[in-house]
Amino acid sequence: VQEPSEPDCMLGIGKGYQGKKATTVTGTRCQAWAAQEPHRHSIFTPEANPWANLEKNYCRNPDGDVNGPWCYTMNPQKLFDYCDVPQCESSPFDCGKPKVEPKKCSGRIVGGCVAIAHSWPWQISLRTRFGRHFCGGTLISPEWVLTAAHCLERSSRPSTYKVVLGTHHELRLAAGAQQIDVSKLFLEPSRADIALLKLSSPAIITQNVIPACLPPADYVVANWAECFVTGWGETQDSSNAGVLKEAQLPVIENKVCNRYEYLNGRVKSTELCAGHLVGGVDSCQGDSGGPLVCFEKDKYILQGVTSWGLGCARPNKPGVYVRVSSFINWIERIMQSN
């Protein structure tokens, strides 16, 4: 499969820049990273930095220099110089339409399967300031993420959190991954388990970063609709830990879910249930706040925010999700006034 050519541009300071620019701002040719002529150097060699993709003589930013990508130069009088790499522009987008077709495995996330990289491009990783992943979330516009309120219990200060977009691996971030600080957070006023995060700068919309669609207000998902939950959460098979997983889950109508043998009246009208009544599949911790999306006509619509479940993938105990359609008026009001 031919990768669509990435535009030759950088995000932020270009730490993840993987383009082919090979001249400095003054037009001087770059020295190959593996070469020792005209300049001898030992720190930024491909051997010393296998993860930095120091290939040929392309500009790179292996040390996270605030001035952006650079290279050693072919001018014997000048050791290194910066390169003129433009910032990436956002692409126009249709919400809920991935550029990479999802696998849609009917496996069971404790069951689930590993997702195809970037096939759920609205999935975000909510992290501590130090980069530790602890919850999921969903990009719903370039500047806004929806997550679970209980994910924000550790602190009410936005500076405590950051959002990672466009990554498949929890630890090894993809080249085009974006890390953006949170500038504001809003908890739903009636204490529902849902919250909005405003990003400090808009996400750049790329083929790996695309918002999900929101449902119409008060929309009720059809029983047994084709819905998927995604996340990096705990799985029984820990060999796949750290990569994004998906599971297809049927939605179960509230009156069935609230029967005595299932969740026995605990599910509110502003919540929805999804899961296999025989158990075995479910989203689990670490996927709190993440998306439950349902495919309709030609796009994925965010219908649920992962909230709670009794145990993990136990028979007769489906997972419970906040019903996004119950909060559309609140979501739109906050987004418009901030």
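Cβ coordinates are placed from backbone N, Cα and C, and glycine is handled just like the others.
Summarising the annotation, Swiss-Prot assigns active site, charge relay system to H150 (among others) and lists similarity to another entry as the type of evidence. Take the CB of H150 (active site, charge relay system) and look out to 10 A: across all protein chains shown you find 15 other CB atoms.
Around D193 (active site, charge relay system), a 10 Å sphere centred on its CB holds 22 further CB atoms from the protein chains shown. Annotated active site, charge relay system per Swiss-Prot: D193 (among others), in sequence order, evidence recorded as similarity to another entry.
The secondary structure of S288 (active site, charge relay system), as reduced to three states from DSSP, is coil rather than helix or strand. Other Cβ atoms within 10 Å of the Cβ of S288 (active site, charge relay system) number 24 in total over all chains. The feature active site, charge relay system is assigned by Swiss-Prot to S288 (among others).
Same-chain residues at least 6 positions away in sequence with a Cβ under 8 Å from that of C9 (disulfide bond) are, in sequence order, G19, V85, P86, Q87, C88, E89. DSSP assigns C9 (disulfide bond) to coil in the three-state reduction, outside any helix or strand. The feature disulfide bond is assigned by Swiss-Prot to C9-C88 (among others).
Under the heading disulfide bond, Swiss-Prot lists C30-C71 (among others), citing similarity to another entry as support. According to DSSP, C30 (disulfide bond) sits within a strand segment.
The number of other Cβ atoms within 10 Å of the Cβ belonging to C59 (disulfide bond), over all protein chains shown, comes to 24. What Swiss-Prot records for C59-C83 (among others) is disulfide bond.
Sequence-distant contacts of C151 (disulfide bond), defined as residues of its own chain at least six apart whose C-beta falls under 8 angstroms from its C-beta, comprise L126, F134, C135, G137, A195, S288, G289. Taken from Swiss-Prot, the feature disulfide bond applies to C135-C151 (among others).
DSSP gives C227 (disulfide bond) a strand state. Residues annotated as disulfide bond in Swiss-Prot, with similarity to another entry given as evidence: C227-C294 (among others).
For the recorded site, C257 (disulfide bond), the DSSP three-state label reads helix. In sequence order, L263, V267, C273, P318 are the residues near C257 (disulfide bond), counting only same-chain partners six or more apart with C-beta under 8 A. If you look up Swiss-Prot, you'll see C257-C273 (among others) marked as disulfide bond.
For C284-C312 (among others), the entry in Swiss-Prot reads disulfide bond, with the evidence type similarity to another entry.
Per Swiss-Prot, the feature domain 'Kringle 5' maps to 9-88; the stated evidence is sequence analysis.
Annotated domain 'Peptidase S1' per Swiss-Prot: 109-336, in sequence order.
If you look up Swiss-Prot, you'll see S125 marked as phosphoserine, on the strength of similarity to another entry. Following the DSSP three-state reduction, the secondary structure of S125 (phosphoserine) is strand.
Counting only residues at least six positions away in the same chain, no Cβ atom sits under 8 Å from the Cβ of R157 (site 'Interaction with streptokinase'). The DSSP secondary structure for R157 (site 'Interaction with streptokinase') is coil. The site 'Interaction with streptokinase' annotation in Swiss-Prot covers R157 (among others) and is backed by a curator's inference.
Take the CB of R191 (site 'Interaction with streptokinase') and look out to 10 A: across all protein chains shown you find 8 other CB atoms. If you look up Swiss-Prot, you'll see R191 (among others) marked as site 'Interaction with streptokinase', on the strength of a curator's inference.
In the shown protein chains, 9 other C-beta atoms lie within 10 A of the C-beta of S269 (site 'Interaction with streptokinase'). DSSP gives S269 (site 'Interaction with streptokinase') a coil state; it is part of no helix or strand. The site 'Interaction with streptokinase' feature in Swiss-Prot is assigned to S269 (among others); the stated evidence is a curator's inference.
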Collapsed DSSP category at C151 (disulfide bond): helix
Nearest-integer angstrom distance between the alpha carbons (Cα) of H150 (active site, charge relay system) and R191 (site 'Interaction with streptokinase'): 10
S269 (site 'Interaction with streptokinase') and R191 (site 'Interaction with streptokinase'), Cα-Cα, nearest whole angstrom: 14
Residues that sit under 8 angstroms from C30 (disulfide bond) by C-beta distance, when 6+ apart in the chain: A22, T23, T24, N57, Y58, C59, C71, Y72, T73, M74, C83
List of residues, in chain order, with Cβ under 8 A from that of C227 (disulfide bond) and at least 6 apart: V221, Q248, L249, P250, V251, A274, L292, V293, C294, F295, Q303, G304
